[in-house]
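Enquirer: Handing you this structure, nothing more for now.
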Amino acid sequence: MVLKAFFPTCCASVDSGLLVGRWVPEQSSAVVLAIVHFPFIPIQVKELLAQVQQASRVGVAVLGTWCHRRQEPEESLGHFLEGLGTIFSHEPWLQLCRERGSKFWSCKATRRQVPTSPSAPGEDQVMLIFYDQRKVLLSQLNPPAALPDRQAGDATASAGGLAAVFDTVARSEALFRRDRFDEGPVRLSHWQSEGVEASILVELAKRASGPVCLLLSCLLSLISTASACRVFRLWPLSFIWSKLSTCEQLRHRLGQLTLIFSTQKAENPAQLMRKANMFVSVLLDVALGFALLSWLHGKDRIGQLADALVPVADHVAEELQHLLQWLMGAPAGLKMNRALDQVLGRFFLYHIHLWISYIHLMSPFIERILWHVGLSACLGLTVALSILSDIVALLTFHIYCFYVYGARLYCLKICGLSSLWRLFRGKKWNVLRQRVDSCSYDLDQLFIGTLLFTILVFLLPTTALYYLVFTLLRLLVVTVQGLIHLLVDLINSLPLYSLGLRLCRPYRLAAGVKFRVLEHEAGRPLRLLMQINPLPYSHVVHTYRLPSCGCHPKHSWGSLCRKLFFGELIYPWRQRGDKQD
């Protein structure tokens, strides 16, 4: 039988002692966690292991002995190490020894029980696998489901043994903390034996973050309670709260801060990674917001933007007027219905005049409004971008109104034509059963239907042209807003902390391990070095991607084309309801 002994590389040069770790019978593996050095009292070692086992719920035990022959070997030390097996009974009993001044190791695994069959050997072969204890402790082994490029059976079989090793080291952190700041009655060697100063600084930072998180959590709870007041649920405020991108982003940011500064401890590494990703995302967002704020308030750029905003709005209104005058004539040589063309053109021109008057009425207050909007950048670049999206929506509200008027008129004619076309075929739409049924019509109904169908057919090109022009303008505005929201969602959902770990410390996100042969000679135990394979960047983004606010509905290309053809309103105010006739 071949036993696998996982030995930490940090203990390869320490003094002789006892091997402390966990035995995994399912994998026939022994995970060595630390080495207890001489001198020690056996009862104190057993008490220490009992405390660690109670705190970590890991079956920690003495697995065997470790002998590092730095000097000439003494017979008394060899007899003493052999006698420890009677005090700390464990099956099998490991005996690891490193020869003096040589790279060769000797590994034995003996069983004190009498073999059941004469052919069963009393000593097992040992495969020695070295691992970096610090990297294994800090790494997070991702499940096989996150790695689609592997075979499912092989990934499950290999991940079972690896998960036991990673889980043992991760849950045995209580053992590593025993002599973090001072040496106790039992002297241990493990990965943190030389990191005392860094451990003290980390512990001080953890203790200082508790009161800060408690204070901020109370403040955020007060803000959440105030935002949930009944006053904000009234119709005008609730409508504005649900439609403005700024309100959606502020709600999303409040949820992020509530999760970050929560006093509850993360239950698993996934929640801890999510908190860290949110913290880094918010920190970067606020830093970019302050950079934007300093740029806006430098060299009076806000005044320059305010002075340029009104002329740009006037120029857009003038271009719309020229476009309407072109449509009221003979656009591209098309023969339009002159009466309907003049009515629609004058109706839209009147709205443009109203819009120009509104812009000139607001022009004295634009600079102050932009100044207060610039201050909102201290809440983050995403908040400033959301406000920019709302400003674009407000400045192009007349284009949205034109699109709604044209879409409703076009949709009305399309529905009328489809209903009259069913009338010619002797059918009608059954509203109750939501299907097309046969129906008999008299002569008067067919005559009136023919007249209405003819009128709608000849008026359709004029209406369709206005609808096409204003739909293209609306899609242009939607594209600009979509790019802004895409940038906001990218900042909100990108796992920056995980990507930073993958770049600087790739072992923290483990996709698996690989083994490198250190020694493979006849009569010597096989020695391997376990190295961590990092998770690919694409899988890091897919696994640790943060949820975005998602404040606007998303349409597929087929659904979008169907809505545009039938004149249904798209993005962001209306959704398609039931079919009506």
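A Cβ is built for glycine as well, from the same backbone N, Cα and C atoms used for every other residue.
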Enquirer: Would you please say which range out of 205-228, 373-396 has the annotation transmembrane segment in TrEMBL?
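Expert: Going through 205-228, 373-396 one by one, TrEMBL flags 373-396 as transmembrane segment.
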Enquirer: Which residues, given as numbers and ranges, are at least 6 beyond the ends of the transmembrane segment (278-296) yet have a Cβ under 8 Å from it?
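Expert: For the transmembrane segment (278-296), the far contacts come to 253, 256-257, 259-260, 302, 374-375, 377-384, 491-492, 494-497, 500, 546.
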Enquirer: Between the stretches 343-361, 445-469, 475-499, which wins on the count of C-beta pairs under 8 angstroms to the transmembrane segment (373-396)?
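Expert: By Cβ pairs under 8 Å, 475-499 leads among 343-361, 445-469, 475-499.
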Enquirer: List, by number or range, the same-chain residues at least 6 past the transmembrane segment (445-469) whose CB is under 8 A from its CB atoms?
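Expert: Distal contacts: 323, 327, 331, 334, 336-337, 340-341, 344, 348, 406-407, 409-410, 413, 416-417, 420-421, 423-424, 567.
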